[in-house]
């Protein structure tokens, strides 16, 4: 199928995985951003069905996800893992909905646009009913990189991450809190969710590693998705993904090489006017992006903008960024994609 | 003065800053490594004097540091900050002692060797009475880099750090514990030591920033000291220093370019046989260097050894390392320097 589904002005919107960390933030974003919603349908596994979640002053019942859940839906957010998306997203499309998929299931499918609105929102159409929401690191990084790429060609990229527990879901956030409470009370604690202790510790990202390359699945995803979002399929990307004891914001040390000299001042200037970006680069007060200030806000914080001394030609800029993993790294970006779909609908109906 | 002080087989050893986080670890290392000690003299500010610290079954009185403290001393460890070292280290040398200085006061003085025994222990003589102990990041990184540099020329280096609270002293470690306890109990907390919240947060290293370059004092030190220890004064070094909520081990994402192709297997092989290094690179079990396993041990843990994809020529290797900031990053390295001095004494007396 290769059609643009028609979306009414007050759409029926469903959220699959509504009770998860990202699902709850999708509901919050729909509310806080005043997205027009005719009906909100909350879907989850049988285990989570029966709960109620607040939305615009009402309590909405969470229903069990079934093959018939999508009747009458216009937009369906999926945030319940790749296998649920693979099984149910085609059913949602067949029922006439547009899917915004937060899983990795379709991100590298050439028929599925992979969208960060600030970076490549213009490529959302044509689509075949599914729009993919990127990996959190790729979404946060490209929000800061795209405004630069519009001015100067990026020729090399290095990313070293400080990734929060939220990337592994609400259970991992709980485990970080519990493990840390046990540590400060000098009590024993046995982790169940993460493979390694989280309290006052950090570790290489727990995604499976390709023994051929030595890169883990998270790193491989970030490389492929960053290249795809930036439209630079051959960009050399170095990456190290690390989990740190932080609750819900990812930070990334970025090093970006351009095809000519670029000054830190010009980068700071471009980013100061970029959507979705807030420059926090106060050298005098040693105040730069921090997870505690990035958490709960929509903008990606960018600072430590300086010439990277690794490159004596002055063509490389180093930066440090922090972004809310659940917002720009997941729910907010998904809701922004839906807003783009709604806006295009308005445009095409006006035309 | 440019003499080699004579050190007797059972030297009088003093520790300036004995009650600090590093001072206590120096005393522990002297004990655990069976360093011959005729007399241990513990020195501190008036505020800390009067305490007793355990050493080999006795309690040693901490005395107030004065200009007369060094009479009869053979080796004096300084770990009380650069201004104390600048004032008192020359007095200790004048009294006939060799100083092992843990501060930054003399590290770039061309008359003062800057020593990581595994990397450049052979350059400890000649000296003029003071040997400098490097910055913790430089010491930990060069322990892992030196064995590689002996095989292949290093042409470029990038370091992104995950630095523990211990680098800012025992008070910062306490603040991390207290701030985190408050956070898990949802109580307010006002930080006194660090400029930013430490609980479940991270921030760019708090050293002062040069507004010209955008690099902070920690980064500048690590670049200069790493170049000096490796004997590569013009090496391009990129660096980002970040404090993370970890108690006492630093981690570093390293990217090292060589002047030709180097395979991850050959790097792993060289590091497996290198002193002071333990390879922890278990792809199958996703087990790599972690602060919780590096804390309290002498070896620097090295893993995630792989070809860095940022460099399509295959000449760059990425690694992830963790080392105890108080041990290899400070006290252990200082005690190893003293051991080298004692061993040379034995050698020169035998000659």
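A Cβ is built for glycine as well, from the same backbone N, Cα and C atoms used for every other residue.
Please treat TrEMBL annotations as automatic predictions, because they have not gone through curation.
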One of B:63, B:149, B:315, B:325 listed by TrEMBL as binding NADP(+) at the site of B:19, B:20, B:21, B:22, B:47, B:48, B:166, B:167, B:188: B:325
Have a look at the recorded positions B:107, B:166, B:188, B:243, B:250 and say which one has the shortest Cα distance to residue B:136 (active site, acyl-thioester intermediate). B:250
Recorded positions compared (B:47, B:243, B:250) - the one with the fewest other Cβ atoms within 10 Å: B:47
Calculate the distance in Å between the alpha carbons (Cα) of residue B:21 (NADP(+) binding site) and residue B:250 (active site, proton acceptor), and round it to a whole number. 15
Judged by the number of other CB atoms within 10 angstroms, which among B:19, B:136, B:163, B:188 is the least packed of the recorded positions? B:188
Excluding its own, the Cβ atoms lying within 10 Å of the Cβ of residue B:21 (NADP(+) binding site) add up to 23
Looking at the recorded positions listed here (B:163, B:243, B:250), whose Cα lies nearest to that of residue B:188 (NADP(+) binding site)? B:243
Rounded Cα distance in angstrom between residue B:250 (active site, proton acceptor) and residue B:47 (NADP(+) binding site) is 29
Go through B:107, B:166, the listed binding-site residues, and name the one with the sparsest Cβ surroundings, counting other Cβ atoms within 10 Å. B:107
